[in-house]
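What TrEMBL annotates here:
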REGION    1-20  region 'Disordered'
DOMAIN    3-129  domain 'Transthyretin/hydroxyisourate hydrolase'
Amino acid sequence: MTSVRPPITSHVLDTGRGRPAKGVPVTLEYADAAAASSTSGAKKNDIVWSLLGRSETNEDGRCPQLMSAEHQLKPGLYRVTFNTKAYYTKHGEQCFYPYVQVVFELTQPEDHYHIPLLLSPYSYSTYRGS
């Protein structure tokens, strides 16, 4: 049996603790050009973000339920937001970046996109994973 993975996945590692970051709230959004053009008062270059999914990282630091595996991506801008303040507050720590937002552009919607986040209270790094 082969498992089908969602087209966009994410993974958060707490580099300060040296382990996966369990319990980070994560949202996934799409820049909806149609919504932007129909919003009254919106300017020509305004971006309207439409929610695609919301999840929380599991014990492996992954978000398996961020979006369904059947979701069909469209070319365009996407944004993943990690609520790092909520995570560090649970651990009784402060952090400099309360949210980390990663905006990326998809040109080949048939591909899989993995967005890892390496996190510490005062820094973060991200890249396109596999």
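All positions are counted from 1 along the displayed chain.
Each Cβ is built from the backbone N, Cα and C atoms, and glycine gets one as well.
Below 8 angstroms of C-beta separation, residues 26, 28, 57, 59-64, 66-69, 71-73, 78, 80, 82, 109, 111-121, 129 of the same chain, each at least six residues beyond the ends of the region 'Disordered' (1-20), sit close to that stretch. For the domain 'Transthyretin/hydroxyisourate hydrolase' (3-129), the predicted model reports an average pLDDT of 91.
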